[in-house]
Amino acid sequence: MNLKEFCGGEDFFNPTTVFNSSDPEFSGCFEDIVFDLLPVAYILFFGLAYFFAFRNSYTTTIPVSRLFVAKLIFTVLLWILAWADFGRGLWEWLNNVDISYAALISPLIIGLGMVTAAFFTNFDRLKGIRSSGLLTLYWILYIITWALVFKTKVELIMRGDLSVSELWRCVTFFLSYTCVIALLIMSFMVDQPSAQPPQDPYYDASEDLLQQTDKDLKVCPENAASFLSKMMFEWFSKMIFLGYKRPLVDEDLWLLNNEDKCSRVSRHFMKNWNVEKAKVKKAIAPAIPAGNSYFAGTDEEVLIEQPEEKKKMPSLFKALVVTFGPYFAFSAFLKLINDVLTFVSPQLLSALIAYTTNNAPVWQGYLLAVLLFVTAIVQSIVLQQYFHVCFVAGMRLRSAVVASVYKKALILSNAAKKESTVGEVVNLMSVDAQRFMDLMSYINIIWSGPFQIILAMYFLWLQLGPSVLAGLCVMIILIPINGLIASKAHKLQVRQMKHKDERIKLMNEVLNGIKVLKMYAWEMSFKEKLTSIRNLELGVLRSAAYLNAGASFTWVCAPFMVSLISFAVYVISDPHNVLDAQKAFVSISLFNILRFPLMMLPVMVSALVQSNVSLKRLQKFLSNEELDERSVNRNPHSSSPAIEVIEGTFSWAKDEDPVLRDISLDIPDGKLVAVVGQVGSGKSSLISSLLGDMEKIEGHVSVKGSVAYVAQQAWIQNLTVRDNILFGQKLDVCKYQDTVEACELKEDFDMLPGGDQTEIGERGINLSGGQKQRVSIARAVYQDAQVYLFDDPLSAVDSHVGKNIFDNVLGPRGVLRKKTRILVTHGVNFLPQVDSIVVLVNGRITEVGDYYQLLEKNGAFAEFLRNYADADDETFEEEDPTVPISPVLLEDDEAETDPMIEAVDSSTQAKRKFERQRSRKSMSESAVVGPTCKYVPLKKNDPNRVCKLPQQKQQDDKLITTETAETGNVGLSVLTSYMRSLGYHVVFIIVLLYTIQNGLSVYSNIWLSQWSNDPINPDGTQNSTSLRLGVYAGVGFGQALTVLFASFALSFGSVAAARVLHANMLHSIMRAPMAFFDTTPLGRVMNRFSKDVYLVDEVIPRCLSTFLSTMFLTLATFFVIIFSTPIFAVVVIPILILYWFVQRFYVRTSRQLKRLESISRSPIYSHFSETMNGTSTIRAYGLKKNFVKQNEAKVDTNQMAYYPNIVSNRWLALRLEIVGNLIVLFAAIFAVLEKGKIESGIVGLSISYAMQITMIMNWMVRMASEVETNIVAVERVKEYTNVDQEAPLKIANRTPPGDWPDIGGIHFDDYSTRYREDLDLVVKNIDVNIGGGEKVGLVGRTGAGKSSMTLALFRIIESASGRIVIDGRNIADMGLGDLRSKLSIIPQDPVLFSGTMRMNLDPFEAYDDDKLWDALEHSHLKEFVTSLPDKLEHQVAEGGENLSVGQRQLVCLARALLRRSKILVLDEATAAVDLETDDLIQKTIRDRFADCTTFTIAHRLNTIMDSTRVIVLDAGKVVEFDSPENLLKAKGIFYSMAKDAGLT
């Protein structure tokens, strides 16, 4: 059977009736088979892929709905109609009625399609798919194909004389077509959501912190959108219109879709990353010698131990591929469709040019015009979906990177921490993560570029023959050039990132220590250090910019050179090779297609190089050594002691010498153990070893039960006081009240502006040192853990407060009396009350026992007490021989006798015995332990007790201001500011060069059009070929040169602008008052110096360059089209108006979304920096998971603004491309209308330019918006350039003499001050006169204004009224630099910077080595520094983390010794050192600063008892001011404090 017989005797397809007729007709057989088979073939082929893609969907089943039932009914009805047709046909065939086989098979094909459609309708319901893309396209295909059948049926009816068979088929067809239309309409509707939440193994809604804490967040409407709405991004229009009406705010944003949430993405990624780690572990395992205990640690330990050259890392690349590979595969599929469609347009152009020169029917011209339009529309939709998939994958990739970096940072080992500073890790989370995001958008170019080049070369071969090989040779020659550029770019990239890391790292340290820098008057010097690093970074940036300028020259030259060489070889190789319009402009359109892959491939290679650098940095960080969680056994046997260490040896890093050796410790449940020793003896290290923060080289450690830890330097979060205390626990009012009272916080709550709801600034900036430590202790108490580790927290509080806290919290009557407690302390007054004392000397335990036993031994501990106990111990008069016991306490414990009370009695006897032995001073013959203070035990058994929270206060303002988004248009001042930074003359040159370049571009194409229209000689040749070719080449090279010069000019200007903007912001921040840093999170400032500076450095110049190129190209395109077909001018204005409206709608929304995204990014870095300072505390409390959730919530909050930003770009691009496609349609229609009136060369010129307009105008508007949204970075940098400034560093004609102050006399003349204008006075009407050389002590309860008074001396806070006069000069009249450089301070919180010990002592090399060693000797650090391998060149870790707090304090003392000022301020300077070191420091200060005026703020009152006079402050006022002796006689506040401290 042949095809004609199959079709019942008619032709299957007759080209004459189709193509040569003014009314084309298809045969019935063709309509039956092809038009029915197309949709069915589609659903069978793509349905298979659809089934496998969604068969494992996590979404649960949708309940049966009316919509589902209606779809099923109509689909079944179609199946019935198909079978009815088949039945009718079969009956006719059996009755020998003339019927074709095609008519019989056609209903079977339709029936198969309908069964498949019914299957997928139910499949969608089962898999929770609310709107099916597969079925929507299926019904659209039927609508299109059956439209032609519909035309045939109508014409058949119109002709009349229908047979019964024909009438039957007409009726069934019209019924079927109606059903298909109904099903298409229903496919635009959305089914109801699933009844149950998705069963996603990577996402748990119950752990979604953001969703739990903010119930008002709106669900993203994307899930409820139809397939067509998703394709057109119509679901987003609501936000676009809202953003147009008013500026968007956070409340307008939608929750992320579950699959985009950070927790889900990071879990998926971490699962695959752990698989890669396991592979490496498995590969390395056989190489480990059996029984080698040193290798018996974690996987990461094994990695560290491998020789550097053999060290194998897990493959981050593979983990990323496995996680994000499916998204890449789907995007590659979309890109493939787009690329194929890209080459359809030149073929249609070829047909259209041919149409203008032949006698084809007019409908063909219109069909070609419509096909051009439809192809472009489909291509636009596919392209935007491709970009959407890529950008969403990039967004998810960023979430995975940020989350994994955060998780890793929480468990980094100490050795790894040294390699990765906070600034470097912030760069990983910001710059490197951004690089991955950017790469995801264009990574498909790697295969798509070569694919497009191959296709283009194939079609060019069809046009120009072998001549195209010459063009191919040019491309091959350009490959090594691009390779050289990429190689150079790689090196520059590595250098730039190195400098950027250095700058960010130093900036982070500067911001963390800004108060100390200002007090030392070092801020300008550190600014110079930062500027010098920045200059190195800019030098590399400039080189990279010039390299890019050279690269842009090759990019412009590449497609032009390919076309020039190809045309030249074509016309020169054979005189009969004529360049007509069809060849010229089809080739040009193909060369234009070629331009993109040729331009993007080198960029892509460069981007891959950059991303590879980032990949290696990230891989190295994620592969870093982790703390071994198994180093401490957390679940020992129930009969084990609470804490047990057996022959433990510990170090801070595997390659370092042990800090603790042969440690054996056994602490039973419920005991209180004190750890004592000199500075650097290993006390804090012992606590760290119990927390698992150190490397356990050998031995066994077990800790039973939950742990609470109080660090030596209190770690406070940027939350309310209450939230800091609760620390993730639920609020129990009674428990909270008891905790607050026990930790002496009640009075502080009364003083704080918002009570316990007062927001604490970053690093506890608005709390005193004592308050911070008491909040930290309260946090531990509230946790109700089994084991408590206290690392000398009481040194930061006033002595009488410390006593109360000890007795109410830690001591034998404290709320923690039944808990196991280890207390590192320098205060000997607590020791008689503890169960056991551990004495550490040089990292070894030398003595263990209770107070009595150690006295009996008469060893090092007894010697230590003999020397120092009298300086700090509390002694009480004989009349008060016992410690009063609260009746409530007895009531609480009446059922049992507390063994601790008996222990106190025995230790009291020991104390008395020892006191009798003391001969250094005559004192009372006996002494007993414990101050006469109020005890506040937990009152558990009182049923009538009423618990209440502290009284709420109305806090006028938040301390940390919320980062606000600017609204409306980016101010003209911002644009002019950037242009001014570029240089107006540079801007003019750039614009001029771009104008010339595009003028030459237009002229070259007009020249080509005229060439193609040159008449052909009778012998088949053209005249003036050499002239035409020469001019074309000359114009092209001129074009490339202008691009080169324009790129150079822009590179020069952008680097200059980057320098100016960064320098101005840096200067402004360094000169900002402390009030700015108190109210601004450091993460926000760091965000400006990392992300925003990156945008100014690299992104804005790139966007500006592209915008200028596309803008001039758009103008050129409109000029060419109007020049070619003047009638086109009629539609230009409406199209431009439409463009303008779309762009305006978009820009308002996009700009605001960009601002919201920038603002929500800062808290990620703030939270990270905060976390890094408290990793030990977080791990100790077992709250890693909670903090990971908080980080994920902050990332999600940021992505909630970023995701709409992605969609807004797609929304805009699609609408712009649709409008641009209208230009193609009109250009083609006008060419058809003008057939015979215009030459084919002009048609080719017009339409080839029109085909570019879609992409060019889209890019122009996109880049205009990108420039406007990214210029927000300039706006944000400019904002920090205009912050309030401190007084000048120097004031002309008011510089004090070089020897000022020569006496050191200070007069506070009715002085008052406050921290900020909107706050209450902290120091009130102080009027004191201090003579030169006086030693003045400052005492008062926490918050009395002691530190504020010293800040006033340095003018960290300025006078509200009154003045301070030093040696006859009002300090308000001189420059801050002149004042602060003449004063010295040893601050409460010692601040050190990463760098050498020399740099920390003398940052600017003002002193020689002899003076440095002399300062170290007198600050008692010489022995320690001498023992270091590198001596003065010893590398200090970030924040001085590899030194103890006491050693850091001694470094600060050494700084003061070097400066030798006449006025010295000691702000709790010896709080963190042991009594012996304290005594030595006091002796040094007395000797070296004998003739200086000293202010000493002290918690240990004994340190100021030898002061000339003492100022007693209360609530910011001086209440007592006299010598210590007179104040004790007066029996006022000072007397009561001394009595509390046991000094009377």
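Note: Cβ is positioned from N, Cα and C throughout, glycine not excepted.
Database features (TrEMBL):
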type: TRANSMEM; residues: 33-52; note: transmembrane segment
type: TRANSMEM; residues: 64-84; note: transmembrane segment
type: TRANSMEM; residues: 99-120; note: transmembrane segment
type: TRANSMEM; residues: 132-151; note: transmembrane segment
type: TRANSMEM; residues: 171-190; note: transmembrane segment
type: DOMAIN; residues: 329-610; note: domain 'ABC transmembrane type-1'
type: TRANSMEM; residues: 366-387; note: transmembrane segment
type: TRANSMEM; residues: 439-461; note: transmembrane segment
type: TRANSMEM; residues: 467-487; note: transmembrane segment
type: TRANSMEM; residues: 584-609; note: transmembrane segment
type: DOMAIN; residues: 643-867; note: domain 'ABC transporter'
type: TRANSMEM; residues: 982-1003; note: transmembrane segment
type: DOMAIN; residues: 988-1269; note: domain 'ABC transmembrane type-1'
type: TRANSMEM; residues: 1112-1142; note: transmembrane segment
type: TRANSMEM; residues: 1212-1233; note: transmembrane segment
type: DOMAIN; residues: 1306-1540; note: domain 'ABC transporter'
Quick check: do the transmembrane segment (1212-1233) and the transmembrane segment (366-387) share at least 3 Cβ pairs under 8 Å, counting only pairs 6+ apart in sequence?
yes
For the transmembrane segment (132-151), could you work out the same-chain residues 6 or more beyond its ends whose Cβ comes under 8 Å from its Cβ atoms?
26, 31, 34-36, 38-39, 42-43, 46-47, 50, 113, 117, 120-121, 124, 173, 176-177, 180-181, 183-184, 187-188, 226-228, 230-231
Go through the chain and flag residues at least 6 beyond the ends of the transmembrane segment (467-487) whose CB is under 8 A from any CB in it; none is fine as an answer.
453, 457, 460-461, 547, 550-551, 554, 558, 561-563, 565-570, 573, 577, 598, 601-602, 605-606, 609
Against which stretches of its own chain does the transmembrane segment (584-609) lie, if we need a Cβ under 8 Å and a gap of at least six residues from its ends?
342-343, 345-346, 349-350, 353, 435, 438-439, 442-443, 445-446, 448-450, 452-453, 456, 459-460, 463-464, 475, 478, 482-483, 485-486, 489-490, 493, 551, 554-555, 558-559, 562-563, 566-567, 1005, 1008-1009, 1011-1012, 1241, 1244-1245, 1247-1248, 1251-1252
Taking a Cβ cut-off under 8 Å, which residues six or more beyond the ends of the transmembrane segment (33-52) line up next to it in the same chain?
12, 102, 105-106, 109-110, 112-113, 116-117, 120, 123, 134-135, 137-138, 141-142, 145-146, 148-149
Relative to the domain 'ABC transporter' (643-867), which of 329-610, 988-1269, 1306-1540 accounts for the most Cβ pairs at distances under 8 Å?
1306-1540
Which residues of the same chain, at least 6 past either end of the transmembrane segment (982-1003), have a Cβ under 8 Å from a Cβ in it?
1035-1036, 1038-1039, 1042-1043, 1045-1046, 1049-1050, 1052-1054, 1056-1057, 1108-1109, 1112-1113, 1115-1116, 1119-1120
Per-region confidence, the domain 'ABC transporter' (1306-1540) (mean pLDDT, whole number):
85
